[in-house]
Structures are given as C-alpha cells and as structure tokens.
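Input: a single structure, listed below in structure tokens.
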Amino acid sequence: MAAGVATWLPFARAAAVGWLPLAQQPLPPAPGVKASRGDEVLVVNVSGRRFETWKNTLDRYPDTLLGSSEKEFFYNADSGEYFFDRDPDMFRHVLNFYRTGRLHCPRQECIQAFDEELAFYGLVPELVGDCCLEEYRDRKKENAERLAEDEEAEQAGDGPTLPAGSSLRQRLWRAFENPHTSTAALVFYYVTGFFIAVSVIANVVETIPCRSPTRRPPREQPCGDRFPLAFFCMDTACVLIFTGEYLLRLFAAPSRCRFLRSVMSLIDVVAILPYYIGLFMPKNEDVSGAFVTLRVFRVFRIFKFSRHSQGLRILGYTLKSCASELGFLLFSLTMAIIIFATVMFYAEKGTNKTNFTSIPAAFWYTIVTMTTLGYGDMVPSTIAGKIFGSICSLSGVLVIALPVPVIVSNFSRIYHQNQRADKRRAQQKVRLARIRLAKSGTTNAFLQYKQNGSLEDSGGGEEQALCVRNRSAFEQQHHHLLHCLEKTTCHEFTDELTFSEALGAVSLGSRTSRSTSVSSQPVGAGSLLSSCCPRRAKRRAIRLANSTASVSRGSMQELDTLAGLRRSPAPQSRSSLNAKPHDSLDLTCDSRDFVAAIISIPTPPANTPDESQPSSPGGGGGGASSTLRNSSLGTPCLLPETVKISSL
C-alpha cells in the first residue's frame, strides 16, 4: 500500500500545482528568433581583407557607393562578396562612418590618399567629425600649398633637369629661378646681387654732406652734388644691369601677363623708372621737386634682395598667410586708438597749455603709448589722464601680443615646409644621378656583352647592325651565370673558347642516359667540350684520346665538364660543389689548364637500342667508358692562384 502511494503521489502533487493560479495575467509567449526581413549580412572584400556588416547599415546613406545600387557592379557571384581593390586600412574608417555616423581622419595616413578614398566611396569631406575637422583642414591646406609650390617650380623649370628639347626661353627662366643649374647662371646671380648692393649704398652715400676745399669759405654740400658725374655713372651702370635683367625675365617668363602682375616685377619697374624719368626730364626748377620725389623710389631696389634671400621670401609668405591675423590686429589698434584718443582729449581739456588740442592730435600720443615707445613729447598732466594713459599702455601690450604666436607658428610652418622641399629636391637629384649611373652601367654591360662575342655584325657595306647571336638556351644560361658570379665574387671570368669553337674542336658520339653525371679529366689547353643534355633525349658522347682517368667499378656513366682557368687576383680561396683541384695541377702555374672533377652515377640497366658503347682507351673493356660532356653551367672555385668553373 505504501509503495502504491509513493508511486502516484508525485503525479498528484504535479496536478495540484497546475490547478493553483500562479499568475494573474497570461504568460508571455515563448522567446523565439524573429526573422528580420530585408536585412542580411553583406561581406565586403577590400584587397583580401573581409569586412562583414548589415545591409541596413549601408542603406542608411543611399547617396554613397555602398548605400546605393552601384555597389552591385563590384559583386562577385562566385564568392558571394563585394570586392573592392582599395586600401583596407582606409576602408575601416569608411565602414565606421556607416555604423556610427561620424567620420574620423586617420593621422598616420596621407591626407591626399584619404581624400581619394572618400571620393571613391562617394563621401564628402564635410562629413569629417568636429574632433578631426581642424586637423584635417590644416593638413589639407599644407598639402595644397606644397603641391602649388611644386607646380610652380615645375612650370618655372626649377626641377633637377630639363628635357633634351627645351627651348632658349625655358633655359633662361631656369637660370634666373635656379642659379645653381649652371656656372653662367651663378655668375649672373652674383653680379646682379653686387650691383643691387652698389645701388643701395650709392643712394645712401650721396646724401652725406661733403666739404669742398676749393671754395672759400668751405661749404658743406651733399656728396651727390659735389661728385655728380661719379654717382651718375654708378647709377647708369646699375640701371642698365637692372633693365637688361628685367627684359630677359620678361622674355623668358612662361606667362608674361602673370609676370607683369607679380610683386617682384612691380619692384623692378619702380627701381628703374625714376632714372629714365630724370634722364628725359628737362632741367627746370619747377619740375625739380617732382624729380626729387621720384628719386625716393630708388630705395625700393633693396627689395630686389628678396630674390637672393630665402629668409626674406619666407617672411613675405608668412605675412601673406597671416593676412587675416594682421587685419584683426590693425582693426583692434584702430578701435583702441580712437577710443583712448577721445578719452584723453576730454581728460586734458580743462588744463592750460595742453598738447591735446583735438582728438586727431591725441592720436599720436595713443599710438606711441600703445606701442610702448613713449617719446615724451605729449604727457598728460591730470590724474584722470594719467590713469587712462596707463590703461592705454596695458591694452596696447595685450592687443599687439595676441596675434604674435600665430605669426610665429606660420613662419615656422613655412620655414620647415621649405626645408622639406629643398630636401625633396636634393633627394630627387640623387635619384636621377643613380638612374644615370645605372644607365651608364647598362651601357658598359652592353659593351662588355659585345666584347665577349655575344653580338655579331649583320649586313655588309657601311651600314652594319648588331644582332644577338643565335645561341642555345644552355649557353645563354652559362653567360648569365658567369655575369652573376662576377657580381657576387668581384672576379672576372672569361671563356677560353667560344661555344661554337669548343664544339668544333672535339669529336661527338651518340649516347642516351636518364640521369646526369659529371666527370672532368685533364686535357690539352686547346680543347674544350660542351653539349646540352635534355631529359630522356639522346645525348652526345665525347671520347677523349688523352684521358688519364678510367672507371673500374661496373657500368658507370660519366659527364666531363671542362672549364678554363685563369689567374685570380684575389689571395683568398672559395670552394663550391662539383669543384675539385686535380692532383697533377700546378697551382702556381701561370698558363691555362683544365681540371677534372669526376662524379659517377650508376648507369640504368635498360638502354635504348640505338645506344653505342665506345670503348675507353684507359679502361679494361668492362662495358664502362669515359664519356666527356661539358655543361656550360658552372660554379666558381677560387684557388690561391687559379679560378676554376665546374658545372653540374
């Protein structure tokens, strides 16, 4: 009975649990996988690197390449991927933009390459996030300036070399813009610099008062009036040099209109124009005052030094790039001058014998105070005037000091940019020099190739052309290997006989073999054997009359390789496989000899029916023969007095 109760009691309890109300509301449905319609995982293969993302992620930006139907042109049906032959590191930032909606600019990547990737995927640079936007614009601006400078240098002919068919104008403009291209350009560069210095010094010295000892009483007068002929001759010589330079620059300029509108062209005109106006101006007292005014413009000749000084050019570029900051400084100073001049005028208005008679008269005091000069010709006397004068001085220091760091940073940036440009030009010159050296090396190799008999003359008469001699592939590999050995061992290897002469100096037979064997035996200095042995083909057997080595063990196949030995200048020796000095060879011998290296390989038992078995002159007639075959492929062995090549 107890056993029966124990059996059905758990089922009763389970049923009772089902009767009790466990929750007041119905239970939620069982969790399941919700099928997402229209969303799938897309695989994007960028140069072998696979990226996976949702289709809806890319569809958020339908105006781009990945978000539009244009990406279907890059779909590979075999792999089921979208393949793009682009930079995978850049694509990581592009894909993050689709995921997060923020585009970041990588610092370690080239800004131009980044722009190209954005243009390919249809993204505009304005999508760059605020965290990277300022740095992106600075880098892009710097890169644009560098490219503009390179383009100007290329148009001006400031490159390392000019084309062979360059015109006279191009050569002249290159000489003016880059004086270090030739000796004549460098001489003209220093001559013009000398005359610029003479002109500036003469313009200063002619105003120095000089005493005239001939007049009684002595009277001081300017040196220009005392020695008019000397100063006129110096001025004439300088102006002639400047005029010739200006006309030559105008003739050689790539764009004459652009040259006439340039700042340096205007400086040249202003430097030489007063001379010609004074030369043709009538000597009349009524117009002498205007001529004296025109002579003031001669001081602008000093700006011609900017062509001869890289620092002055950098300073000009800096001021040009800081135009907005300088405009802000000028506007701020103008406002402060007007405000403090008005305050100082009303503060000093009630005093007797004051110098602040009007607001424009107070401008001078405000300018001198804000620039911290303080001449002392105008001084406030009231307490209010002194207080406002102190405030004016402090505000001037703050206003002037604000744009200074920006100007300094721009100067430093342009300076380092010019340094990098000079370094790139120097590296480009080095690369071009290496290319010319390589070309000259190729020419020398061609001449050596011809000297070694690899080229022959074809045709007759005066017109003879060089053509490559028809050689077997085996012989071509032989010459190629010799060339490689010369480069690696710094020794020169030469053949005693050409390939055709070596074949004509021996008698050939017929023999077939499956494998290659090598044996070398000493022969006369005037004979050399070589042949080419392809696989499973009939091979020529060479029987030597003066063979000194014989094979006594079974039927052996031997391939003899002979190579010419010449005296090596290197004192040290190098060994190689397949290279072995013969016992009877005198290493101190200066004459050429041939060395034998024997590698024996058992002959296969099966022979072709047409195989001939020549008897060895030194053997015992056991079916073995000394077969000599010369393979032109060789490996050098440099002995103390000889150089030996033995081939596989």
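Just so you know, glycine gets a Cβ as well, placed from its N, Cα and C.
What Swiss-Prot lists as N-linked glycosylation site is N352 (among others). In this structure, N352 (N-linked glycosylation site) belongs to neither helix nor strand by DSSP; it is coil. Residue environment of N352 (N-linked glycosylation site) contains 5 other Cβ atoms, counted within 10 Å of its Cβ in all protein chains.
Under the heading N-linked glycosylation site, Swiss-Prot lists N355 (among others), citing sequence analysis as support. Proximity of N355 (N-linked glycosylation site) to non-local residues of its own chain (separation of 6 or more, Cβ distance below 8 Å) is seen for A361, Y365, D377, M378, V379, given in sequence order.
Residues or ranges marked as intramembrane segment by Swiss-Prot on the basis of similarity to another entry: 360-371 (among others).
According to Swiss-Prot, the intramembrane segment annotation covers 372-379 (among others). Remote same-chain residues near the intramembrane segment (372-379) are listed as 355-356, 362, 364-365, 393, 396-397 (criterion: CB distance under 8 Å, separation of at least six residues from the stretch ends).
Marked as region 'Interaction with KCNIP2' by Swiss-Prot: 2-20.
Per Swiss-Prot, region 'Interaction with KCNIP1, KCNIP2, and other family members' is recorded for 2-20, and the stated evidence type is similarity to another entry.
Among the features that Swiss-Prot reports, region 'Disordered' is placed at 144-164 (among others).
Residues 403, 406-407, 410-411, 414-415, 418 of the same chain, all 6+ positions outside the region 'S4-S5 linker' (310-323), place their C-beta atoms under 8 angstroms from a C-beta of that stretch. According to Swiss-Prot, the feature region 'S4-S5 linker' maps to 310-323, an assignment based on similarity to another entry.
Look at Swiss-Prot and you will find 474-489 tagged as region 'Mediates dendritic targeting', backed by similarity to another entry.
Residues annotated as region 'Disordered' in Swiss-Prot: 601-636 (among others).
If you look up Swiss-Prot, you'll see 184-205 (among others) marked as transmembrane segment, on the strength of similarity to another entry.
What Swiss-Prot lists as transmembrane segment is 231-252 (among others), and the listing cites similarity to another entry.
Taken from Swiss-Prot, the feature transmembrane segment applies to 264-284 (among others), supported by similarity to another entry. Nonlocal intrachain contacts for the transmembrane segment (264-284), taken as residues 6+ away from its ends with a CB within less than 8 angstroms of a stretch CB, comprise 199, 235-236, 239, 242-243, 245-246, 249-250, 291, 294-295, 297-298, 300-301, 303-304, 306-307.
The annotation transmembrane segment is assigned in Swiss-Prot to 288-308 (among others).
Sequence annotations record features per position, and here Swiss-Prot assigns transmembrane segment to 324-345 (among others). Residues 356, 358-363, 365-367, 369-370, 380, 385, 388-389, 391-392, 395-396, 399-400, 402-403, 406-407 of the same chain lie 6 or more positions beyond the ends of the transmembrane segment (324-345) yet place their CB under 8 Å from a CB of it.
The annotation transmembrane segment is assigned in Swiss-Prot to 387-415 (among others).
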- Item | Outside the transmembrane segment (184-205), six or more residues from its ends: residues with CB under 8 Å to it | 174-176, 178, 223, 231, 234-235, 237-238, 241-242, 245, 271, 298-299, 301-302, 304-305, 308
- Query: In the same chain, which residue numbers or ranges, 6 or more beyond the ends of the intramembrane segment (360-371), come under 8 angstroms Cβ to Cβ?
  - Reply: 333, 336-337, 340-342, 344-345, 378, 389, 392-393, 395-396, 399-400
